[in-house]
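Note sheet for the following structure.
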Amino acid sequence: MFDGYDSCSEDTSSSSSSEESEEEVAPLPSNLPIIKNNGQVYTYPDGKSGMATCEMCGMVGVRDAFYSKTKRFCSVSCSRSYSSNSKKASILARLQGKPPTKKAKVLQKQPLVAKLAAYAQYQATLQNQAKTKAAVSMEGFSWGNYINSNSFIAAPVTCFKHAPMGTCWGDISENVRVEVPNTDCSLPTKVFWIAGIVKLAGYNALLRYEGFENDSGLDFWCNICGSDIHPVGWCAASGKPLVPPRTIQHKYANWKAFLVKRLTGAKTLPPDFSQKVSESMQYPFKPCMRVEVVDKRHLCRTRVAVVESVIGGRLRLVYEESEDRTDDFWCHMHSPLIHHIGWSRSIGHRFKRSDITKKQDGHFDTPPHLFAKVKEVDQSGEWFKEGMKLEAIDPLNLSTICVATIRKVLADGFLMIGIDGSEAADGSDWFCYHATSPSIFPVGFCEINMIELTPPRGYTKLPFKWFDYLRETGSIAAPVKLFNKDVPNHGFRVGMKLEAVDLMEPRLICVATVTRIIHRLLRIHFDGWEEEYDQWVDCESPDLYPVGWCQLTGYQLQPPASQSSRESQSGSSKQKKKAKSQQYKGHKKKRKMPVGKKPVSLSSLPMTGGVRRSFSGDEELTPPPAQTAPEAFPPPSTSREFIPSLKTVTTLQLKEELIDGEDYNFLQGASDQESNGSASFYIKQEP
């Protein structure tokens with residue numbers, strides 16, 4: 001109903017008698033200023049700001065709840081009745097100050113009582129909703145409360161290039177002004193006010209209404225990419241009213257002058273901010289697309305899977321042979337684990353041929369250009385060879401970096417890697433890494449960076465020394481120059497909060513913290529869990545997201561585990577053991593409550609010291625019962641690719657009634673790392 005304000009002339013509004021107003025109209029604030037697009041504050045003949053009197057029945061009420069653009073009537077019936085010639089005489093008499101007729105009083109009281117009753121019901125509903133929301137937030141997890149109570153900091157959105165707005169976030173920072181719904185208001189309809197960003201945590205912002213100065217009593221958290229957040233000037237363009245919060249409405253007599261003074265030179269969001277958010281959340285992958293993805297039961301091969309749903313760029317893939325469509329795998333569309341149809345054959349990778357002889361109706365191959373590109377390499381000169389030693393992150397236990405061997409050299413720079421001391425006889429646990437992968441390292445990387453290297457299983461000559469091991473095995477180390485040593489200016493800092501995929505159970509996205517940074521390598525800790533469940537992740541991994549990503553995309557976030565839940569789950573897992581072949585869902589099983597169906601667990605024992613499970617049927621720990629599966633997430637509806645723009649912040653230049661904008665570009669800060677591609681942080685290989 002607040003589609004805009006029209007000027008109120010004295011010949012179209014009149015007041016009822018003061019006696020009738022006191023008797024039949026609930027007392028409302030007499031000086032509630034409502035600022036129109038141009039800053040004008042309306043005052044009506046009855047002496048009440050924001051009020052009007054129906055010219056048909058004489059009812060007094062909130063002007064913008066009235067019918068028609070001129071706000072002359074309280075309802076459609078009054079508007080129609082006014083046009084009747086039979087009532088013009090009584091209406092004219094009332095407007096001239098004469099007592100209304102008995103019939104007119106009946107017309108006055110009926111809609112008034114009904115509207116007051118509706119208004120009272122509306123207020124009661126708001127109060128009940130507020131109580132309900134408060135109860136839910138106390139029991140659930142809130143990023144805002146979590147960050148405020150512990151003084152945490154969150155990784156900025158610019159650290160996540162694959163996330164919405166990651167490449168066009170711009171200079172959105174503290175003190176940027178926005179227009180948001182005013183929740184501190186007694187009006188029965190939605191109104192807005194200006195707020196400033198006090199603190200940023202990923203997509204979430206702590207906002208404070210203009211006029212509260214240093215008072216944080218009504219500060220609130222919201223997702224800056226939400227549909228109710230707008231740049232300053234949006235209300236003017238959309239015909240929405242700006243109403244100051246009720247708590248401070250008496251603080252200033254001239255709110256227009258206050259806003260002009262406060263907003264001149266201030267920064268706000270660009271006018272097309274919401275459009276950019278929408279465009280950045282359009283994903284090219286669609287349901288029914290066919291891809292090749294790693295076989296979670298045999299790492300050494302790929303299988304055909306079909307995209308079942310897309311949520312925030314994350315894909316739920318169902319293996320093509322799954323009849324009940326429950327044999328699935330989650331990953332991001334930029335994950336190195338998925339490829340176009342025909343990829344395995346083109347590079348010589350093992351592939352499980354599907355029993356389905358032809359495509360199902362509606363299924364089609366994903367265009368190759370939609371997949372993440374790998375860096376081109378020259379294999380004609382000095383290159384990796386079978387049997388060379390290196391260090392690699394174990395995909396079955398991402399908390400460890402292990403002694404590894406190149407088992408096979410594929411085309412296009414891809415390598416099959418095996419973990420020394422724990423490989424299956426048939427090579428079913430070999431895994432594929434590209435030569436430029438940030439998950440493989442030259443010999444000595446862990447030693448020079450003070451990371452614990454996991455020696456081969458059963459190796460007793462400790463502490464482990466690479467020189468001795470190479471001599472004993474008659475092996476050579478892969479040349480340092482063949483590894484990827486580029487270190488991007490990622491922007492992460494130790495202690496930053498984020499949302500991270502539990503790669504052991506890729507359906508789960510959890511509250512996490514960056515606990516260590518080694519050049520481009522991040523140590524991710526899941527809040528509330530032991531360090532043995534940490535995982536090493538690259539700074540550009542598509543499995544890391546800003547704070548608020550789950551809320552923005554509608555994905556369920558797993559909160560930090562409590563001590564009681566960890567103990568109960570740990571106790572339950574130690575009582576039951578089964579012998580099943582492992583499934584690759586990431587690294588070893590973490591004791592988290594999954595969102596969907598009960599998963600098949602991987603090994604739960606730490607990998608330190610060489611203990612590692614194979615795919616040949618070693619014992620497996622059973623996780624606790626899973627929570628009820630949620631409803632399926634709806635996939636995005638369009639296929640446009642996002643082309644970002646770096647101009648995302650506008651500076652306000654407030655004139656008397658106009659706000660002009662000027663764009664700003666974001667400048668990234670310096671990286672934690674001093675090295676950017678130098679091999680000096682690797683130790684020299686001994687002859």
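Note: Cβ is positioned from N, Cα and C throughout, glycine not excepted.
As recorded in TrEMBL, the features of this protein are as follows:
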- 1-31: region 'Disordered' (REGION)
- 45-80: domain 'FCS-type' (DOMAIN)
- 141-245: repeat 'MBT' (REPEAT)
- 253-349: repeat 'MBT' (REPEAT)
- 351-456: repeat 'MBT' (REPEAT)
- 464-560: repeat 'MBT' (REPEAT)
- 558-644: region 'Disordered' (REGION)
- 562-573: compositional bias 'Low complexity' (COMPBIAS)
- 574-595: compositional bias 'Basic residues' (COMPBIAS)
- 622-637: compositional bias 'Pro residues' (COMPBIAS)
- 668-687: region 'Disordered' (REGION)
- 668-679: compositional bias 'Polar residues' (COMPBIAS)
For the repeat 'MBT' (253-349), the DSSP helix/strand/coil residue counts are 22 helix, 36 strand, 39 coil
Summed over the repeat 'MBT' (351-456), the DSSP helix, strand and coil counts are 10 helix, 36 strand, 60 coil
For the repeat 'MBT' (141-245), the DSSP helix/strand/coil residue counts are 16 helix, 30 strand, 59 coil
Model confidence for the repeat 'MBT' (351-456), as mean pLDDT, reads 92
Across the repeat 'MBT' (464-560), DSSP labelling yields 19 helix, 31 strand, 47 coil
